Amino acid sequence: MANGADRLDLDGKPIKPMTICMIGAGGFIGSHLCEKLMTETPHKVLALDVYNDKIKHLLEPDTVQWAGRIQFHRINIKHDSRLEGLIKMADLTINLAAICTPADYNTRPLDTIYSNFIDALPVVKYCSENNKRLIHFSTCEVYGKTIGSFLPKDHPLRQDPEFYVLKEDISPCIFGSIEKQRWSYACAKQLIERLVYAEGAENGLEFTIVRPFNWIGPRMDFIPGIDGPSEGVPRVLACFSNNLLRREPLKLVDGGESQRTFIYIKDAIEAVLLMIENPERANGHIFNVGNPNNEVTVRQLAEMMTEVYAKVSGETAIESPTIDVSSKEFYGEGYDDSDKRIPDMTIINRQLGWNPKTSLWDLLESTLTYQHTTYAEAIKKATSKPVAS
Amino acid sequence: MANGANRVDLDGKPIQPLTICMIGAGGFIGSHLCEKLLTETPHKVLALDVYNDKIKHLLEPDTVEWSGRIQFHRINIKHDSRLEGLVKMADLIINLAAICTPADYNTRPLDTIYSNFIDALPVVKYCSENNKRLIHFSTCEVYGKTIGSFLPKDHPLRDDPAFYVLKEDISPCIFGSIEKQRWSYACAKQLIERLVYAEGAENGLEFTIVRPFNWIGPRMDFIPGIDGPSEGVPRVLACFSNNLLRREPLKLVDGGESQRTFVYINDAIEAVLLMIENPERANGHIFNVGNPNNEVTVRQLAEMMTEVYAKVSGEGAIESPTVDVSSKEFYGEGYDDSDKRIPDMTIINRQLGWNPKTSLWDLLESTLTYQHRTYAEAVKKATSKPVAS
């Protein structure tokens, strides 16, 4: 690797080695970002999380080429006095913490609000007070529903991009009523974005906000009962992976009619690296990071995954690959959802020259190959054991 | 007054005397609510605020008939350890605190977010932990914009009530993008509502949420330079009152095309008293409190106020009663607004049998009579003095 050679930013200036404090480094996104930073850049990482399973391969053995450049700190940012000191040591803080799952938004809104708003406050405060740059990970959930979703079915304006394409600087944030508790997460994320933006406007905080649109890849979430709680409900791709691994029907919530876009984690990490290394172009902006070309309904996703999994596993697809369940049954009372989430890419193209590359078929093949390789044997063992009940 | 006589609730049951801890008692709404409680009910009030000018007439002299039933506590809830003890002493807590003004939302979003979300947290926590009932004052701002406002002008659906009438349990919360910092207030208020609702759903908190739609009456806000900061920008009615008192043109932001509904404070306070005294009917609900029959554009409001003020003051109306200013000039960069705010009254009618009574003309006459009587002499003196500059 040309780690130390003259790497240049988008404006042709040499990129200086940075110390990066990464909060939530042990999660899915954090693990891929750490990997990228270690293998392709000279930057140093202070990796903060409560778990490090997904970055174990970067921390051991001591003989790896980047050994001195990554330090793991077991910290829960909610109540750890070491946080401020670590932020002071860094040039840049990346906050990936508290990415929740839809099942939690609906049934545990108090925890959701606290972990996504209140627990993020100290990070913003320390960055602002210590003049440190912040890359804040948010969510495409802040857009909520589309304007078009309120129009009568078959209304012509539903096809107008202005009524469904999501633009960082123009599109509104539309959430359902208070009793639809599912929106607690989106609302907490919207308010912390507004606070970060306000710190920038009032106190000069150098910030960048990232809105991920379904980043998919190896190490995403967990498989219930294997490397996460057996009653846990991860996000849609991990849920479907779990169903495929166990040769169970894939559960489609409310018919799986919601439309979503999916992007390969490695494409997304390229975008994040550009933000890290181009502060003049990234500071003060909010960026959608997604792939508008990879849009499917959740039902179509299930069909594609079934087909791809049969290919990578060598097993035949099961007879009835999907089953419909209601959102109430799956997520609980008060669930509500967005119909469509297509990111506009104008700002990220203009500021960072970034475009996603990987098709949905390719990203599913890569991800499901990993899922099969990693979990198939463990699932076989788990399902063959008698379970006390 | 039949203060102690057998007053009954809407279900015919005797109303027990309550001890009410009122946070923000010294504000506009608080002053009218205290007055109502002391003159028409046997309830006791612990009045918490940092100022008490607007309730001075209720605190002195000691010989008034209700003197033992109201205690003023000078407390800033942001950092006062006495708050929890006072919550424990009460049967019901009413939180009116931190009602801000649009000029602050836009230019001081950090203070807005802290005062409207973070500073409200201890109140909710203490009520939940001590099993105390909470009436939480929110704002109609949580509805944000209407769905109809995104449709092309003259589109037929713009006139469909489903696209503009605001229902507590159905209508979405629609805010502009993050750079429209004006929505910081609405977003903080939405999130605290979600937290209150979640405390109810998860921890059994008995709560009622009130969404006021432009409550208008004597003692509203302040007159800049007289009983508030001279550079302060109060809400629209107080702003226009100030212009009328000084015989200046009324400033219409962006042509004054926004439509709003106004309700008389005495009508609104009747609704609040019904909530206080009918917990079984009020708990767990969010209530719009407004008057859908009193809808006008801000420009029309200005015209009506000019006419009413000329009548109550006996002075002729000035030649050019209004002047147009841009929102950027008046509120600062990033301002945005709702086009229309009509409250649906179904839930408050059904649960509490309440309807507003007072017409817009009558409420303006009552309010402007008060403004003229209270401030005309002071403004005259202030404008006749030379001001060092």
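Cβ coordinates are placed from backbone N, Cα and C, and glycine is handled just like the others.
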### Query
According to Swiss-Prot, A:Phe28, A:Ile29, A:Asp49, A:Asn76, A:Ile77, A:Leu96, A:Tyr185, A:Lys189, A:Arg235 bind NAD(+); which one of A:Trp215, A:Trp354 is listed for that same site?
A:Trp215
### Residue in A:Asn214, A:Asn288, A:Asn291, A:Asn293 which Swiss-Prot records at the UDP-alpha-D-glucuronate site where A:Tyr105, A:Thr139, A:Glu141, A:Arg182, A:Tyr185, A:Lys251, A:Val253, A:Arg260, A:Tyr331, A:Tyr335, A:Asp337, A:Arg341 also bind
A:Asn214
### Message
Validating a neighbour-count step here. Other CB atoms within 10 A of the CB of A:Asp49 (NAD(+) binding site): how many?
### Response
24
### Summary
Among the binding-site residues listed as A:Glu141, A:Lys251, A:Arg260, the Cα nearest the Cα of A:Trp215 (NAD(+) binding site) belongs to A:Arg260
### Query
binding-site residues A:Phe28, A:Asp49, A:Ile77, A:Lys251, A:Tyr335, A:Arg341: which have a Cα within 10 Å of A:Tyr185 (active site, proton acceptor)?
none
#### Entry: The one of A:Phe28, A:Tyr105, A:Tyr185, A:Trp215 whose CB sees the fewest other CB atoms within 10 Å, among these recorded positions
A:Phe28
### Of A:Lys251, A:Arg260, A:Arg341 (the binding-site residues), the residue whose Cβ has the fewest other Cβ atoms within 10 Å
A:Lys251
### Task
List nothing but the one residue from A:Ile77, A:Glu141 whose Cβ has the fewest other Cβ atoms within 10 Å; the candidates are the binding-site residues.
A:Ile77
#### Entry: C-beta crowding around A:Tyr335 (UDP-alpha-D-glucuronate binding site), within 10 angstroms
23
### Summary
Closest by Cα to A:Arg260 (UDP-alpha-D-glucuronate binding site), out of the binding-site residues A:Phe28, A:Asp49, A:Ile77, is A:Phe28
